[in-house]
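These notes are about the structure you will find just below.
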Amino acid sequence: MGPDRRIVAAKPRVHEVASELGVDSKIALAKLKEMGEFVKGPSSSIEPPVARKLRAALEAEGHLPGAGGDKTAAQASPAPRPPRPATADGSGAPKPQAPMSVAERQAAAEKAASEKAAAEKVAASEAADAKPAAGAPADTAKPSSPPRPSGVSAPRPGNNPFASNQGMGQRPSAPRPGNNPFSSSQGMGQRPSPSNIPRPAPPRPGSPRIGAPRPGGGQRQGGGGRPGFQQRPGSAGGGAGGGLQRPGGAGAGGFSGPRTGGGGGRGRGPGGGTAGAFGRGGGKSKARKSKRAKRQEFEMREAPSLGGVTVPRGDGGTAIRLRRGASISDFADKIDANPASLVTVLFHLGEMATATESLDEATFQILGEELGYKVQVVSPEDEDKELLEGFDIDLDAELEGESDEDLEIRPPVVTVMGHVDHGKTRLLDAIRSANVVEGEAGGITQHIGAYQVWTEHEGIERAITFIDTPGHEAFTAMRARGAQVTDIAILVVAADDGIMPQTIEALNHAQAANVPIVVAVNKVDKPEANPAKVRQQLTEFSLVAEEYGGDVMFVDVSARNNIGIQELLDAVLLTADAGLDLRANPNKDARGVAIEAKLDKGRGAVATVLIQSGTLRVGDAIVAGTAYGRVRAMADENGDPVLEAAPSRPVQVQGLSSVPRAGDTFIVTEEDRTARQIAEKREAAERNAQLAKARKRISLEDFTRALEEGKVEALNLIIKGDVSGAVEALEESLMKIEVDDSVSLRILHRGVGAITESDIDLATIDNAIVIGFNVRPDVKARERAAREGVDVRFYSVIYNAIDDIESSLKGMLKPEFEEVQSGVADIREVFRSSKFGNIAGVIVRSGTITRNAKARVIRDGVVIADNLAIESLRRFKDDVTEVRTDFECGIGLGKYNDIQVGDEIETIEMREKPRV
């Protein structure tokens, strides 16, 4: 049997496939749903691979093609061809077939396919025996055709109603102009031929035909008769084209491969365009396909379909690595798919997104599970590592390649952590003999400070680098970015307060960073101090003091009275010497981390950096996060200029293009261009990650519900601060505020430095509130804000800003109302009035009855009428506004008259419910 020709359309519809198999469309739709295909209805078109899968599934259940299928197949495709005989030895019998007429095709719907094929084969064989074919020399040369006697070059006129030489005797002629609207020779009296080849003359009887098949040749592309029909054996090759046809041409009278040597007729071969004496169009003409087109066609045929689109599938274990903030286009490039198809698949999964929109990891996980891929979103550290490897920078390889001769001892880096107001900064002031606390607003540390202190330990002057953090936010951010800058953590606990929630949180962060801890029990000079209680409480968190048999050093100190400071420094150095290998290579380009950064009006971007390895010098090209530039000047914590900084040395660096974030790593590059390119790529990656983070996932149901209920309220903010660490801590704290799903918080812009006109312009466009943290607007920005009515708020304490924003968010919530009973009256009498209707004579049993109040009528404890209004309220023929308990009055309920003696009238009012 030939190939399956039941599907004639490129994308058949569901009802066509169902009709072909003789099943109901609902059964086909149910089967498609079981197969995981998303199809709306019977008129939906499906891809050919899906149609094949559907047909195979239905046939496997016993739904074989019946009457409906026969009819569809007969109307949609030509008659099936008989099997070809073997032609290897050249002795096989010919395969003559007579073309089917219109009547035959109509009758085919009523007969069985096997009976049709047998009848046609017998009729064709008899006709072939009666009329031997002409052109014996050419036919003899063809292996698939037996030798034929030459003598008659054309069949008897009138023998074949579909032959191109019908009624023309032995002389073939061109098709009549206008007979076939699809013919290439329409309106012309001659057959088409190439311009450089003369038009062939009609063949003489007994002479070889011009259009005879080539020896051993097969079918030309696009040649042959009508689909499913073969030329009559021995008919003259009167059709235009023939052997002189260009490759890929579709002239009438082409040949159908190794089947017969006939050539007359206007039809085309399988896949041809023009066909039939009555102008019935055949299939689309096929040109010669390139290898790429054939490969794409094969891949499309083999690819599975989902949601009406064709997408490649994985085996469930194929890993796809994506960067943060990747889009559907990036995922499509990884799996070699069409982004539009993935958008459709994601839509059917309940997620709406564009092809270029940055998506979060959860969305890619859903899409990957559906398609059989394991999606892995690289972490920020791995992403930055891969980015640097693109510039031939491998920090891990540098550390592994260092030998012991290159390493030198460096000072330990110590981070002071603890609960708010437990004396962290006061302790550092005592160590440095300074007074930083007085400079902080409210006595709360809101900046990160880095200092280096020299102390004498066992007769040797040694340096210790201290980092003072504002609570735990900055330390969390550093740990999240892999900036392990801390060697030792000092946990400050007040002896009078003991363990507090933030103490536990700081302890957890220090243990997660895997750094040794030294506990400083502060405020031991207070009368209510209880250091033993602190030691006992910390044993629950695996911090056992040495005097209790543990390995953690506890030191009792008093920062105010300068008690135990030297003992604390000795404990830090002993802990560092006992369990840490504090060495670094100073003889290479500097590597480190930005501790803090700010925008100075005279000096520009100033970053406090801590060198971890190498030596930083003035003039080096440096990149820190998304900021880059050359080191123009360096200074220590006291403001003294520094020409070079060794490992574990904190310095202030000037010359960066922008303000880096707290915790950003910095490296020294050979050229400014390299630093700029790294910064630009980091900025692009960070922007995509922020877009994916800010994107709110919404399902189709949520989207419909939002449309019905109205838009979601949003509070837009612009944050400007003096240092990047404070801005970041404020942003993280604000994003943690949870009020209600109907109100959202959007931070449009955050930055370091004074409030500028551009900030006011952005706030004007998006109706945003500008928050200035320890910064003020310039004169022009202040005037612009007053003119545009932009709300600009200034804060110096971070907690005040958080409280105000939370109050603003609660104020944006839609008020919640609760129903409160205001009064109850019993009906004692009903007065009927033709003008006012029924009037209830009542006595107020409790509360107050107010005119125009909402009311309901209760009869035997059942509400029989609700949402009424007290339209009239009278007492002794006087209109009154309210009637109190134990007083009588008359109540008119407007058009509602179904009241009886003994009913109750209850008045209610809606009061706004205060939010907790």
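Count begins at 1; order follows the chain as displayed.
Using N, Cα and C of the backbone, Cβ positions are placed for all residues, glycine too.
Now, the feature entries from Swiss-Prot:
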type	residues	note
BINDING	418-425, 468-472, 522-525	GTP binding site
COMPBIAS	214-227	compositional bias 'Gly residues'
COMPBIAS	235-282	compositional bias 'Gly residues'
DOMAIN	409-583	domain 'tr-type G'
REGION	58-317	region 'Disordered'
REGION	418-425	region 'G1'
REGION	468-471	region 'G3'
Sequence-distant neighbours of G418 (GTP binding site) in its chain (C-beta under 8 A, six or more apart): K424, L491, V492, V493, Q502, T503, A506
Fewest-neighbour residue among binding-site residues, criterion Cβ within 10 Å, set D421, K424, V524: D421
For G418 (GTP binding site): DSSP state (helix, strand, coil): strand
DSSP-derived structure type at V524 (GTP binding site), helix or strand or else coil: coil
Overall pLDDT for the domain 'tr-type G' (409-583), taken as the rounded mean: 79
K424 (GTP binding site): secondary structure state under DSSP, collapsed to three categories: helix
